[in-house]
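Below you'll find the structure, written out as structure tokens, and then a few comments.
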Amino acid sequence: MAQEPILSARGLVKRYGRVTALDNADFDLYPGEILAVIGDNGAGKSSMIKAISGAITPDEGEIRLEGRPVTFRSPIEARKAGIETVYQNLALSPALSIADNMFLGREIRKPGIMGSVLRKLDRGAMEKFARDKLSELGLMTIQNINQAVETLSGGQRQGVAVARAAAFGSKVIILDEPTAALGVKESRRVLELILDVRRRGIPIVLISHNMPHVFEVADRIHIHRLGRRLTVINPKDYTMSDAVAFMTGAKAPSEAVAA
Amino acid sequence: MSETTTASQPPQGSQPPQGSQPAQEFEKVLTGSSTQVASFDTHDKTPIQKFQHFLHGSPSAVPLIVLVISVAVFGVLLGGKFFSAFTLTLILQQVAITGIVGAAQTLVILTAGIDLSVGAIMVLTSVVMGQFTFRYGLPPSLAVLCGFACGALCGYINGILVARMKLPPFIVTLGMWQIVLASNFLYSANETIRSQDISAQAPLLQLFGENLRLGNAVLTYGVVAMVLLVAVLWYVLNHTAWGRHVYAVGDDPDAAELAGVNVKRMLVSIYTLSGLICALAGWTLIGRIGSVSPTAGQFANIESITAVVIGGISLFGGRGSILGMLFGALIVGVFSLGLRLVGTDPQWTYLLIGVLIISAVAIDQWIRKVAG
């Protein structure tokens, strides 16, 4: 590929005591693509994703965002750099409203003295923005932007979390198992959301165990095995059983395929 | 299945599949399924369910209803004796201290913590204000500031132990309660500063005992301070980012952290603010009892927790309104004064308050089920 990767990692190492979770792992994400990351349980894909989203700091290795080396000490720093992550547990506060959740940690204050001295939140602006973002992603079944997140269904909550990431993620969006807890219909909505976000030009990293979903939406598939990148395949050239064979070690990839 | 499905995929990247064209084999049947998505069926809800949703949305409604009913019942039982401006403002005076300490308690309980040291911090700060004036001869205004600094420091230590050392708030504040109370007795040498001396030499310390009279209504500055404090905290909790973060931290600290809230800094600031509010309560306490006594305010921590719980603030954090705490404190005030005027054994007050506490928590659990 002629393009420069927007987000890349080289030689990441992370050890937990005597366990090596990441063993010289590499990672590349190109602009505008959906990169799926698959791997067996314990292959180290979560550790790698946590390293690039700032939740853990790798012991060795280098992460580059748009060619510049970066080090994230917390998810907040990664977020400031433009990398938004939707965690498996969604990181939503159940008792707060949809609008409050979308703006948690980056609230908009009223202009003028009300905002600067009395630090009053601009509820109107936040609600409008939240409503716009949710309808942009086709989540208009939510009627009241002020209802508590805990009164939403699982799929709607997922939608709010994805909408939050899509609204603020300027460079990269990472989705960790976005369809794991959802029904067939709700999964479909989330997959459409993912494609919708890509259409707007933001690259996505998708971690999933669901092979049909991965093969449906991914442009490239990063297969993680034993703490490192085994290979990257194009879903058009391989079958799901090939991918499963690679990630479980039943079959070795013929050559180092770089899509 | 995998072979055929992959082969039938539309070319990726150029044309992503639309929602109407199921991409997976098992999703083909979805076209025949109901197209209704998550409709909000507000029509076929029973009145009880509607009530439950209403309470979920406005957590201070229950204590307000109980307060109105109890005022009405005592009004009917006692007539003009209860419904006089004097009696009603007397209730406010009696709950001023509980209300202020309860405000501090509310902040901590909203983070799913509990502060058992609030009463002790209140007494220590009142002793600091008194002793700094009379033992060291500091100007009263400076002594008051020292009292506030002392309250903030106690709260800050609580916050550091809870947030940085990750100790359970119950244990931290249980220990702090003993430490602060013992320091209070050691420092003051169990010595009371008499009311006459204070009013002669440092009337500023008794500021909150001053009152405004409107006919028979007597409003002390302590009552005004409580109402203002609750109003300001209500604004802060509902209309500032800091306030929303208090709720987020209490609701789910991990989610709040991932969403970008600095949970540790929030906890430290909440406990510090709680200590500061306790110092305000300490100053008000001098106004209320006139003297500075190291043995005053023994039950403030239990009373504040009672007000918070009856006020419908969840002990599990993240739910409830500070207005509920104020209503809770007033309910206790109405019950104790009303029952005294009726002429029953004061033990009935404690018995009924006990019933109220348990009912409040039971109602809280029921309201929570709206989510499940």
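Even glycines carry a Cβ here, placed using N, Cα and C.
Any TrEMBL annotation is an automated prediction that lacks curation.
From a predicted model like this one, the values you see are computed outputs, not experimental measurements.
Copied over from TrEMBL:
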{"type": "COMPBIAS", "residues": "B:7-24", "note": "compositional bias 'Low complexity'"}
{"type": "REGION", "residues": "B:1-24", "note": "region 'Disordered'"}
{"type": "TRANSMEM", "residues": "B:61-83", "note": "transmembrane segment"}
{"type": "TRANSMEM", "residues": "B:95-122", "note": "transmembrane segment"}
{"type": "TRANSMEM", "residues": "B:142-163", "note": "transmembrane segment"}
{"type": "TRANSMEM", "residues": "B:170-187", "note": "transmembrane segment"}
{"type": "TRANSMEM", "residues": "B:218-237", "note": "transmembrane segment"}
{"type": "TRANSMEM", "residues": "B:266-286", "note": "transmembrane segment"}
{"type": "TRANSMEM", "residues": "B:323-342", "note": "transmembrane segment"}
{"type": "TRANSMEM", "residues": "B:348-367", "note": "transmembrane segment"}
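Contact between the transmembrane segment (B:323-342) and the transmembrane segment (B:170-187) is not supported: fewer than 3 Cβ pairs lie under 8 Å, counting only residues 6 or more apart in sequence. Scored by C-beta pairs under 8 angstroms, the transmembrane segment (B:218-237) has its highest count with B:266-286, from the stretches B:61-83, B:266-286, B:348-367.
Remote same-chain residues near the transmembrane segment (B:170-187) are listed as 113-117, 119-121, 123-124, 127-128, 131, 154, 157-158, 161-162, 294, 301 (criterion: CB distance under 8 Å, separation of at least six residues from the stretch ends).
For the transmembrane segment (B:266-286), the most Cβ-contacting stretch among B:61-83, B:95-122, B:348-367 is B:95-122 (pairs under 8 Å). Within the same chain, residues 54-55, 310-312, 323-324, 327-328, 330-331, 334-335, 338, 341-342, 356, 360, 363 sit at least 6 positions outside the transmembrane segment (B:61-83) and bring their C-beta atoms closer than 8 Å to a C-beta of that stretch.
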